[in-house]
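These features come from TrEMBL:
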- 12-40: transmembrane segment (TRANSMEM)
- 71-93: transmembrane segment (TRANSMEM)
- 100-120: transmembrane segment (TRANSMEM)
- 126-148: transmembrane segment (TRANSMEM)
- 160-181: transmembrane segment (TRANSMEM)
- 187-209: transmembrane segment (TRANSMEM)
- 261-284: transmembrane segment (TRANSMEM)
- 304-325: transmembrane segment (TRANSMEM)
Amino acid sequence: MFGCQGAGLRVRYWVTLITGLVECLGFAGVMFGWASLVFVLKSKGYFSNLCENTTRNGTITEDCSGQDEQFSLIFTIASFMNNFLTLPIGFLFDHFGTMVSRLLGISVYTVGVLLIAFSSPATSVLLFPALSFIAMGGVLFLITNMQVGNLFGTHRSTIITLYNGAFDSSSAVFLIIKLVFEDGVSLRWSFLFLSCCAIIHLFRTFVLLPRTRIPYPLPENYNYGIKCGGISQAKVEMPFGRNSPQGQNTDNTEWTFKSCFLSWFFMCHLLWLSVMQLRHYLFIGTLNPMLNHLAAGDAGLVSRYTNAFAFTQLCGILCAPWNGLIMDRRKGKEREP
């Protein structure tokens, strides 16, 4: 089925695409479902020792602001790691290739889910490294999968944005964990199942992805993954610009990394993206205490609105590809002189 020529090669491309989509949708961005997981962790008593009884207007109430601060701090650190480590992760991917990057990602991701699986209210502090490891591993999954778009040429941008949408929608995994927890499945078994899924990641690493990188533009009959006819995959390096195929519109000016990085266009885009992500992370990190305040501590109402928010996050996989479709359509048009 996974041939090295013709139809068999196309089948391998499509299997790589679909399994990569499942990987991003099921594992890469689960940290964004933090609001759903916090609800479960609170019900199990994590950081409950920080709750205090206070008297207001002669009524004794429980103040859990200290507990909420710890959960917000965990997500803040994980969010910082998710963004700050993207640059060194890109450097790692450029210099050591797909296999090394993915093996590192699989290792830290599995350690993260195992830390949550074997944590308890008495060892709540394990949540700090756990969520950071999950965030780091998830970014590695996303970055190493985005190159799959190179296999499909004219649809490259659509596939990259589809994977990014799946990355956002994978927050629903923690919603599923919350729902099965309410049906009696323990938190430990849910995260042990996630750790066992490392087999899927290893299979894709050794069978369905290259050892180095998928080049762009893609050479004819490019193969990768398992060996074909006793010959390992071709290690093709095709830099942009010089080796562009004939007939493709390219600029005569070759931009260096430094000139692109220091351009006003990139700096303004980076500032805009940073503000948008900061607002996004702030909302997710403070959603649970905000809902508790608005619902006056009604756990059932908080649970219902937490589920509603998680369902809206699923829309990422439906909305993101439209950006790629527009980009691919624009790339197909000739540039004006």
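Sequential numbering from 1, following the chain as shown.
Backbone N, Cα and C atoms are what each Cβ position is placed from, and that goes for glycine too.
Between the transmembrane segment (304-325) and the transmembrane segment (71-93), the number of CB pairs under 8 angstroms, six or more residues apart, is fewer than three, so the stretches are not in contact.
Using a cut-off of 8 Å between Cβ atoms, the transmembrane segment (160-181) and the transmembrane segment (12-40) share at least three residue pairs, counting only pairs 6 or more apart in sequence. Segment contact holds for the transmembrane segment (126-148) and the transmembrane segment (12-40), given three or more CB pairs below 8 angstroms at sequence separation of 6 or more. With pairs at least 6 apart in sequence, the transmembrane segment (71-93) and the transmembrane segment (187-209) have fewer than 3 Cβ pairs within the 8 Å limit; the two do not touch. Counting same-chain residues at least six beyond the ends of the transmembrane segment (71-93), those with a Cβ under 8 angstroms from any Cβ of the stretch are 31, 34, 38, 41-42, 46-47, 100-101, 104, 127-128, 131-132, 134-136, 138-140, 143-144, 213, 277, 281, 284-286, 288-289.
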